[in-house]
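The structure appears right after this line, and notes come after that.
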Amino acid sequence: MMNKNMAANFLDQTTQLAMVGFVASLPVSIAFTQSSLFAGWVAWLLKCLVEKRWNGFKTPLDLGIGLFLASALLSTVFSLSPWESFISLKKFYLLSAVYFTGFNVKSPARLLELVKLFLGMTALTGVYGLVMFWFGYQPRLLAAQGMAMTSGGIFMMAGLLSLAWIQYQLGSPGRRQRLHSLAAAALLAASLILTRTVSSWFGFVMGFPALIRSWKRRTAVFLLAALLLAGVFYSANNYQMSFKLYSGNKATSWNMRLGFWRMGWQLIKERPVLGTGSIDLGQILKGMRTAEDEKLWQGIPMGGHLHNNFIQIAATRGFVGLAAFLFMWFSIFALAAKLMGSRSRLTGIFAGGIMAALTGFQINGLAEWNFSDSEVVTIVWVMAGLLLALHRFNIDGILKDEPKKHEAVI
């Protein structure tokens, strides 16, 4: 018979194995990601039962996440289609990755292993995407994803996190490791560029200043980034340059988004408090199109979302939901900012990398509904979970023997 300690140890090892599968599959397969997350939770909860104790802990993100969930439930009750809105709540399952990651990354060494695993797997999908792009099978680099917007979001966040990884590796004696890190970052950057996803480019450029500790240097880089983005915006709205650089007429795409946002504002004015509920807006938006919209769309099927995280949340969950959404993100960014000021080198560098990646995600989300992109948002929740792990390391004094100074990327 297996005794209590043996059972707990077996379940802990199973949880950690599920964690490896979960993180490794993030840039590859959402189905395997979800399955690994489920297996990990089952093993973790069984361990709690065996040990007759709750192995989780209170976190600085609990209130923000709780209020966001409550706002989603409230908007479901008053939704235009309560059942459809209720079904959409299944997406909160992926949000549980915040706690699965935070509860089960128990040491700095484990955190580094998982970050390295994620970056390595994303770089490998980039190799696959580059080969497919080179031979003409992917006009826009998709890697293992079905849409360039998804692959762009993944490579953007991985690219920013890789810069923090490079900075951390600068303190290690292994020259080969540093070269591997630089090669992976270059591969991720090339993959991001070839996705031709402009909003992801914007996210990367605007997320980069978060890696810089000096306010003067950060301001200088921010101004350079603004000039670069102005050039991208100009070329995207030039008909000939748009087709050469971005694989399509970006001016038309931009005008379509403006139409979505206008219709979104109309929905917000009609149901300002709790919104429509988390439903597909396709049919509603189709009925709101003007003659000018019809000419622009020319028979293209109407999408069911508004191509902007904040407008989408306000339209589907009202200002109550938007306030909860903003507070949740304030909680996440506040924790990242606090950890960036840590005396621990590891904490400061990786909190900065996560801050940069999440900033990039939000910038990307100004032109995409990436908060509903399961492959992308799961990575966001994992990064938030890593912040919780870093927070616990600092509270428990696990990093107290680390060097007290750390540097940013620049």
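Placement of Cβ uses the backbone N, Cα and C atoms for every residue, glycine included.
The domain 'O-antigen ligase-related' annotation in TrEMBL covers 183-326. Mean model confidence for the domain 'O-antigen ligase-related' (183-326) is a pLDDT of 82.
Look at TrEMBL and you will find 20-43 (among others) tagged as transmembrane segment. Listed by sequence, the residues of this chain that lie at least six past the ends of the transmembrane segment (20-43) yet keep a Cβ under 8 A from its Cβ atoms are 11-12, 14, 93-94, 96-97, 100, 104, 114, 117-118, 121-122, 125, 143-144, 154, 158, 374-375, 378-379, 382.
Away from its own ends, the transmembrane segment (63-80) comes close to residues 86, 89, 92, 95, 98, 274-279, 316-318, 320-321, 323-325, 327-332 of its chain (Cβ-Cβ under 8 Å, at least six residues beyond either end). Feature annotation from TrEMBL assigns transmembrane segment to 63-80 (among others).
According to TrEMBL, the feature transmembrane segment maps to 92-111 (among others). Sequence-distant contacts of the transmembrane segment (92-111) (same chain, at least 6 residues past either end, Cβ-Cβ under 8 Å): 15-16, 19, 22, 34, 37, 40-41, 44, 55-57, 59, 61, 65, 69, 72, 346, 350, 374, 377-378, 381-382, 384-393, 398-399.
Taken from TrEMBL, the feature transmembrane segment covers 117-137 (among others).
Residues annotated as transmembrane segment in TrEMBL: 149-170 (among others).
The transmembrane segment feature in TrEMBL is assigned to 182-208 (among others).
Residues or ranges marked as transmembrane segment in TrEMBL: 220-236 (among others).
Long-range neighbours of the transmembrane segment (310-334) within the same chain, counting only residues 6 or more positions beyond its ends whose Cβ lies under 8 Å from a Cβ of the stretch, are 60-61, 63-65, 67-68, 70-72, 74-75, 260-261, 264-265, 267-268, 271-279, 281, 355, 358, 362, 365-366, 369, 371-372, 384, 387. Among the features that TrEMBL reports, transmembrane segment is placed at 310-334 (among others).
Remote same-chain residues near the transmembrane segment (346-364) are listed as 108, 111-112, 115, 152-153, 156-158, 160-161, 163-165, 167-168, 199-200, 202-204, 206-211, 213, 309, 329, 332-333, 336-337, 339-340, 370, 376, 380, 383-384, 386-387, 390, 393-394, 399, 402, 406-409 (criterion: CB distance under 8 Å, separation of at least six residues from the stretch ends). What TrEMBL lists as transmembrane segment is 346-364 (among others).
Annotation source TrEMBL lists transmembrane segment at 376-395 (among others). With a cut-off of 8 Å between Cβ atoms, the residues of this chain six or more beyond the transmembrane segment (376-395) that come close are 23, 26-27, 30, 33, 57, 59-61, 94-103, 105-108, 111, 114-115, 118, 150, 153-154, 157-158, 161, 332, 335-336, 339, 342, 344, 346-347, 350-351, 354, 357-358, 361, 370.
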